[in-house]
Each structure stands twice: as C-alpha cells, then as structure tokens.
C-alpha cells in the first residue's frame, strides 16, 4: 500500500493546532522537523523545545489521495502556514530501510561498533554489539566517539568506572571490553536503563555492569554499596554537566580520571570554570572533520581529580 504525506510549514506557536487538525483529518503519524537551520543544543529533562519555524508532516493512507489537496489548502489557512505541499510515499520495508543506514564503525585502537544484526568485519578486534534504536549513544555521534577514543587510550585494567548519563550504555560496555573491572551506569531515562541492560547482555558483560536511575544510584553509593570510581565518563550536555560538577567530585578517587562530552566550543570556558575547583581539565580535543560531516564544533574535556 502506498501513502500520502501532507507537509505544513508554520510558526512554532501554531504547531499544537496544526497537530490537532492533522489528527482530526485522520493522520496516522505526525513528524516535526526544523524548517531552517536552527540548532537546539540544550534540552533539559522534561523540556521539548521547538524551532521557530517547523515543518509538520502528516502521514495518510492512499485512499485520501483525492481529498488531500483540498485538505492541504484548508489546513494551511487555519494554521497560517507559510508553505503547504503534498507528496506520495511508496510502501517499503521500513525496518530494513532503517537498518540500511547503520554500518560497522571503526574507532581508534582496534575498537569497533557493530550493529547487532551484522557480523563484525574484524572478529579479532574489540567489537561492541549495539542496538542503535534504543537510546542515545550508538557511536554514530561525535560526542560518543570522542569519549570512546579517550577510553581506548586509558589503562582500564582492574578499574572501576562510573558512566553518568549512560544512554545506550556504550561507554561502560566499551570500558569493560577494554579491561575495566566494574561499571556503574546511571541515567535519568528509564528507557536508557533498559537499553543499557539489553546491550550489556548482548555483549556478555552483565556480570560486571550495574545500571541505576539517579536516585537509586545515590542511595546505593551513600550506603557504601558502590565504591568511588577510578574513572568517570559523562557524555551529556553543558547545563546538566555544570550542575553535576560538585556531585561528580564526590564520586571519584584521588587522582581519578574524568572525561566530559556533549560540549560545543562556546561552552568550554564556562565548563572548565565549573570543574576547576576539583579537576584539572585538558581542553584541546575536538572531533575531527571527516569527508561526510564537519563535527569539529563538538569537544570533550578530560583530566584528573585534584580535590
């Protein structure tokens, strides 16, 4: 079965009305995307910021084809749309289409990230088998790669790691495969907790990885059930990272290592200032430009606990 798509470009204050009207007309799903080139870097937990100009796309069954043009004009007038247009969408195997976008990634020092349905290109490498669809941290984003590259340069033998803001669990899993003794993963999102557990099982590291929501982690740490870390990884965003600085300082051993990511160039100075009472940080590492993407605006900070 083929499909019809109706696209509306409108201001963000009209998005709620546009969504309601599309649903009333029988839209099976609605997607939102940026109508321009406006980045949204800092969504905090519970926030859902929108771009100033938004393109809404409603998906309809093919039997709406004869009515969709008139529907488009009516809806455009109701929501003051800047633009309105329709497109046909051929039916396809969406699961296979989604899977086709993921390929194995080679990181530094013989570390690979491999989608769970694929065979590792190098069976002798350190291969992390991941489900890219569960939570943030698939290895395809520059911030994750920056942390992974840092981990491969560390001596992780017999080390205890705390991965704060674990997402998919990829950093903790990588640490264990690279020789760490124990990982404690933490995330505010229950879906990330589930994803981490599933990915840990997929990589046979469940015996050495525990995952918590923040409040449960804090209780276990206060009770002495979780030791201080040799290394802390935190790939989040600038605002929560700055707020976490004094807390993370309580979780780490003397001279322990830390790596922070999810940062852009303009945020580095404030981040160093937030952490300098406890950590000596190196600001020199940004993601290198590749043939496909320029992600050089993403940076990591790494250093040593001095408090």
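Note that Cβ sites are derived from N, Cα and C of the backbone, with glycine treated the same way.
Swiss-Prot annotates 165, 187, 235 as S-adenosyl-L-methionine-binding residues; of 119, 144, 206, 283, the candidate listed for that same site is 144. Reduced to three states, the DSSP call for residue 187 (S-adenosyl-L-methionine binding site) is coil. DSSP gives residue 144 (S-adenosyl-L-methionine binding site) a helix state.
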